[in-house]
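Some notes on the structure that comes next.
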Amino acid sequence: MWRRLSAGKGAFNELNSYELVATEEEDSANENHRLLTNGLRRQAATSNNFYSERATDNSLISSSLGDANQNHYSRFRKKREDSVEDDGESTRAVDGDSWNQQPNSRKMLRRSSERDASRISSIDNPNYCSVNMAMSVDDVTDVTRTQPENRRASSPYNVMSTADEAHKGSETNGCLRALAKFFRCTFFCCFWFGKLCFGNADLSDREITIGQPIIGKFPPNVIKNQKYNIITFIPLVLFQQFKFFLNLYFLVMACSQFFPDIQIGYWYTYWGPLIFVLTITLIREAIDDVRRRRRDREINCQKYTKISKGELSYIPSSSIKVGDMILVEKDQRVPADMVLLRTSDRSGRCFVRTDQLDGETDWKLRLPILQEYENDAELFSLAHRFVIYAEKPQMDIHSFIGTLTKRTISEEEEVAEEIGISVENTMWANTVLAAGNAVGLVVYTGRETRSVMNNSSPRSKTGLIDLEINNLTKILFVAVVALAFLMICLKGFEGPWPRYMFRFVLLFSYIIPISLRVNMDMAKSFYAYIIQQDETILGTVARSTTIPEDLGRISYLLTDKTGTLTQNEMIFKRLVLATSHADSPDDVRERLNQGLRLDPLGEDCVQRVTEITRVTEAIKALAVCHNVTPVYDAAEAGDEEMDYGIDREATYQASSPDEIALVKYAKDVGLSLVRRDQSNMLLKSFNVGVTLEYQILQVFPFTSEAKRMGIIVKEKSSDDIIFFVKGADVVMRNIVRYNDWLDEACGNMAREGLRTLVVAKKVLSQDEYDEFEKRYNAAKSSKSDRAAQVYKTMCAVENNMDLLCVTGVEDTLQKDVKVTLETLRNAGIKIWMLTGDKLETATCIAKSSKLVSTQQEIYTVKEINDRTQAFSELNNFRKKADTAMVIKGDSLEICLKYFEKEFMELACSSPVVIVCRCSPTQKARMVELVQKTTGKRTAAIGDGGNDVAMIQAADVGIGIEGKEGRQASLAADFSILQFSFVATLLLVHGRYSYKRSASLAQFVMHRGLIITVMQAVFSSIFYFSSVALYQGFLMIGYATVYTMLPVFALVLDKDVKEEELLKLPELYAELGRGRSLTLKTFFLWVMISVYQGGILMYGALILFRDEFIHIVSISFTALIFTELIMVALTIRNMHKLMIVAEVISFLIYVASLIVFRNYFDSDFILSFNFMWKVSVITLMSCAPIFLLKYIRQVCAPPNYAKLN
């Protein structure tokens, strides 16, 4: 047998004779070139020695002239000439005839010295040092004539080569200088261009005088969400693609085919798939960026009315500057951060929608600061000057510190009055004016606005499986280089062995097939398609096709609350008084009607009257203590009092849905809020016909620090000044008088998942109120530490208050939220809630939604102000076990500042983490810290504009289309309609995508490994020749028409049915370990490939030793059949399209055996001998794999197999 193989080897050597002859000729030419180069180098060394001496003298002279006078210069010049003359004398002593035969030698030397002196004396020349260091061609020629004759004779190229080298050196120095100058100019141009475009990054406070130009530079009011421009588009996209080793490897392999010496096959076999993938990527990125640019242009070109002295003008949003007075109309977006000056409403009220800023759908009440001035002319009048001070730009959307200074100028004196400005007097950018028109003064623009400062730049997301495949390709590349080096070692380091080694690398490059990237991208697009076609999650949109596999690897889910877990619809559930529970609205209505009448029962039942009084005072407090404003449709013509005399349908607007629920409850039991403006409030009982009018003296809005809100009103009928307060039980228990039922009532309602509010009141005398008003106004006007001073002033009056009632409100949850959260928890996913809502609200929702199970405790981190408190709280929580953590945003900042690592370790070990009063930036930071601490994949889900930063920072961003608009869904990777769809998206589609991609990637690598093993066996048998086994169409067809359809059909595989995945979410937990694509599974496929490649090649050589000339037909046919069978063995659940793909591929190959006669001998292929032997080879390569897989299935079945 081996004699026949030797004959085959001889035939093969004869086929490669042209290559060997070409190699010998090339080796001979390389040897001649090497000898010639060495000779020139030796001759050049001689002239370089003399050149170094002259360069030393020149540098010495140049350095001395910097701090010496002309006398010093003359001495150095004389020394130099003497040195050269001495050198010349020594040369004449050796060869005087040569010197005498050159009469112009002295002249040439003198001219050379004069040229050097003239260059040296040009001290003002900035480049004189560089010029002196470089020798001219004449200098070199002159100096070489002073060399001995025998030295010159030994190298005829001496003079010319030295001159050329000097000339090239001069050119090189000139090029380096020009290049350095170019980079220097480029740097300064970029620096000034960036400074021009982006301005000064320093944030500073400002004073704006209405009607006068403002001094200072501020950023332009331009919104820019583009990722690229015309110049950076192609470079950045290519960088994103080629920063991964896999793509860079493909690029290097493709570029190598432009060199004939190492070209193997056809160039389009390498460039075709690469260009295809890059083209698709460029088109996709271009479309996305063009859409972003159109959205930006639409926003930047929106027209607004600018109010100037005596004129109105329309300007685009991008032209708005700090200090401009802008008129904003109803339903129009606020273009920049502004201080509200006036509104079109007579009562001075103004409502804005902030859903795209803080995620809350309720309207926010805003109050103007110059409502008393009815027209624009008064604002620009010379008799008044209004100066507005604004603090430096901040990220906090819930606070603002500013002042308004009113200066009235008269003939006698100038009077100045200073008023404090808070967040209630502002309109932030990207909010929407809900009613009427408003005039505002722009204080922040562009990147200094609250909305932009709380947003983060979108990042390019890469799937975890892509990173894993990228690492595996590095291992494969090392294997390719090692195998190529092994071939060279066995062949011997003879001839141009580096070129042979690189040819071997190219031959074995199919171990990392280019089709891997093509198949993976096509699979991702297919996953996105089937997600959108799933009828169980209708309306789902996959906006990103790069990370569907990550849906199956999620370990942490960070979710918003309002609009995500809840519908943001509050329902009043419970009213608790001192002696009873007023559960029935009819009973409350009856007692309220009796209480509003003038002593209807007399003195016959003192206890009954006391209970009626409690109910009446409680309902009055609910109807008065709030920030709710009734909004009506267009009022009917007629007297205004008649309008309020009938029970017209009103729409209540407030910053908190809790307040709306309380006011609606008061209306349902008989006391309606019919009118409210800045200074007055009107309540009406239509059942009794009683009207209650109040003058609003002060309103104290809810803050996260105070945890309560209050209002001071004056009842017009009795002139009583009443202070109403409602808030959380944790703070109200220290404000109200001692009682024995508050804690029990709050505890009972909290266990039911209700949001509790404690309501109390206090009657103030006129003197008490006057003293309080004086101190409160002074605190509000403070520019430093304003919040602390206001809080201190409030605490002075909030004491010994009468407890009226406790209310319980339920926030309606989204559909199937409880079931979904329980399913995700059983799937091994930890869920964190990040919300901008109050602490009490977040805690109640966590309980009612079963985010915190009934067996788990809740630890609320106390208020943290310094490092010591943070350390103490972390130690206290460390002692807890199986406890949910609740923490506020400001306390979180301090913990992260001093104990970031310790806090994150504790938080990640907790089953549930709830962060309330959390800003958009904090949400994004928490996502990044979870990724950094655990190294696991995270998902973020939200529905408002305040969730965009979190969604973009997460590995998988999920947006919900709801009441708060589409901003979150447009910025997300996946968009759904309700929270319950998350379970199907992760547990079903996430599992399928990951499992399928893992199988597809490993099989494609197996397809490349097996043909590489066959190539290595072929080369080792035939004298380690770097010649391809399969040429031309065979290599192209192997990865495309012959095997692409069956291999790609793996994306249809299902290991478990959808229904079972939702019933047993525990199956999802094992996906987080990534066991479907690990080094273990990878090396298992490597062993299979080595075995099958060896069997196919050696089997073909042994069984067909008489038909060796048909080795290509034999081995390639067995290879195709083996791949088709392996696909069938890999599939877990056969699909009809998989069978179709197998049949089509088989028929295509059979047809090509007949059509492509250049590659196949049809007579030989149709013979029985060919058929049975190929069948035996194929069976030998696949049968052991099938047996091992069957044994493993029986002895150690996977978890999903146990379901069947």
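Glycine residues also receive a Cβ, built from the backbone N, Cα and C atoms like all the rest.
Transmembrane segment is the annotation TrEMBL gives to one range among 499-517, 898-916, 974-992, and that range is 974-992. Comparing 475-493, 974-992, 1030-1052, 1137-1160 for CB pairs under 8 angstroms to the transmembrane segment (1004-1024), the maximum falls on 475-493.
Broken down by DSSP into helix, strand and coil, the domain 'P-type ATPase A' (304-450) contains 18 helix, 65 strand, 64 coil. Note on the transmembrane segment (475-493): residues 245, 249, 500-502, 504-505, 507-509, 511-512, 1005, 1009, 1012, 1016, 1019-1020, 1023-1024, 1026, 1082 of its chain, located 6 or more positions outside it, place their CB under 8 angstroms from a CB of the stretch.
In terms of DSSP secondary structure, the domain 'P-type ATPase N-terminal' (217-271) contains 31 helix, 0 strand, 24 coil. Cβ atoms under 8 Å from those of the transmembrane segment (1172-1191) belong to residues 1088, 1091-1092, 1095-1096, 1099-1100, 1103-1104, 1114, 1117-1118, 1121-1122, 1125-1126, 1129 of the same chain, restricted to positions at least 6 beyond its ends. Beyond the ends of the transmembrane segment (1082-1102), by six or more residues, the same chain brings 1, 5, 472, 475, 1002-1003, 1005-1006, 1009-1014, 1016-1018, 1021, 1108, 1111, 1114-1115, 1118-1119, 1122, 1126, 1176-1177, 1180-1182, 1184-1185 to within a C-beta distance below 8 angstroms of the stretch.
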